[in-house]
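I have placed the structure first, in the form of structure tokens, so that the comments after it can refer back to it.
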């Protein structure tokens, strides 16, 4: 049973709608438009919204969308056939009204499609019920019937051919270990020939020989056949004898060091427990160059692109002047409708290009499929090629993906939290070694430059040196923003309770401390964890559920490819599964690190935003505090599409 079936234009005008239940179809259809159609995620023609499954089909020639909705617990096999039939009949029946392509004509048009739809629905349901009768398999059709009777008869004492062959192979591999003894004692132990060849011939002569003669005879045959083996075995026996251990003086190299503790101890001695003096550091070198309070856009262009930019400006100007003439000629010469066969070779090259640029393989396939669905049936001008059309559509899709639904503005949210007299809490999470603590320090410096006080909560109680690393960053940030410059107010402080403690409890105490001391922002640093580690993911979900931070940032490096998809999917799934809240808190944004190490292979940005539909809030581009950027979608797409 269908809940609804609706037909509307891409401009938003509903042409016809069938309502199978009393519930309105506005909410699910709006969710489909907002999450799939506007976000260029049309690679799969199915979408799940709450308890409904929505399937849709795009008609790019007439700019129409056909959507059917039904309960997701139902398995309706006829839905795809029904959409195709309705699409074909509706387009053929109302072709003249749709071809006018004006809002007034569509509004004034009468689309009486109820009886035709019910007939198609009835035919689709009946066709799904009709199935070919299943016939039982006969003995003549089985593999056993094809074997002759003689091959299935086994006589007593005989072995099948396969078993006999396998037994021969096993017998050839078996080796007998003999102990050769004589009057002088044991001679050697070694691997002898196969058992079949080593067996003595059965005869009356063997019965006359004594036991010692048999052993002597056997030893002579063995030495003749395996003389070389004896030599090797004797050498191995000699080598097995343990040597006397003697004390050997360590060798001293001319240009090498030595393991003297006094030479290797570089720490300054402390007298009477007095603390060591602070290490002198170049604060300007640590700070970096550039305005710290204002995030600059990410620049992915190289020097070659800058040199080619002035030259490419002239052709664009001439192209724009000729655009009007070409636009008139398009209507006179004619047009072509794109098909899957036309785009197949171009899309294959685009998919390989995206994978080479570090886009995850599954994401690249879905992107090309979405572009194919978007362009299939679309009318292409005579003077435009298939390659340029597909490339332009892919660029538009990539820009749309990098500009997701929600934009994170931390400064505005922090000022809103200030008016409510509470601290703004940000939690950082991610896998091991991606740069969570380093980028937390960069974001702290950016907030300090904008006049906000920061409390850093050291909730990484597992990794050795994590608290000391944050303590070093806090000391350097305090040197850049001393209390003297801010009227005696402490602008940055570290809240830590040592190692081995509960991270959720430390975060809760840090938030309460920040509320009492009047800090504006609390940055919570968590331990790195792999996405498959269930106990650590449970602890992270507990920390987020108990403290309810305002922003949850996933820190990922730009070097990953397919691993980015696995990390984000499993992090979100673990946060949802291990959360105790009815509506679990998931990842709100992404911090992309090590962006300065990948040149133009910027595909990780596409993979992360496509999977989560969340924005990339910050991009780390270096090792100083000023090396923090905001994402420029057009620059990333230009670097991604560059050959």
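Keep in mind that glycine also has a Cβ here, set from the backbone N, Cα and C atoms.
Here TrEMBL gives region 'Disordered' for one range in the set 286-320, 321-355, 356-390, 391-425: that range is 286-320. When the ranges 225-249, 250-274, 450-474, 475-499 are checked against TrEMBL, the one recorded as region 'Disordered' is 225-249. Beyond the ends of the compositional bias 'Basic and acidic residues' (137-146), by six or more residues, the same chain brings no residue to a C-beta distance below 8 angstroms of the stretch. Under 8 Å from some Cβ of the domain 'SRP54-type proteins GTP-binding' (615-628) lie the Cβ atoms of residues 285-292, 295, 298, 402-404, 406-408, 410, 435, 438-439, 441-443, 445-446, 477, 480, 553, 589-596, 605, 608-609, all in the same chain and six or more residues away from its ends. Across the domain 'SRP54-type proteins GTP-binding' (615-628), DSSP classifies residues as 0 helix, 6 strand, 8 coil. Remark: secondary structure over the compositional bias 'Basic and acidic residues' (137-146) totals 7 helix, 0 strand, 3 coil, with classes taken from DSSP. Across the domain 'SRP54-type proteins GTP-binding' (615-628), the prediction's mean pLDDT works out to 90.
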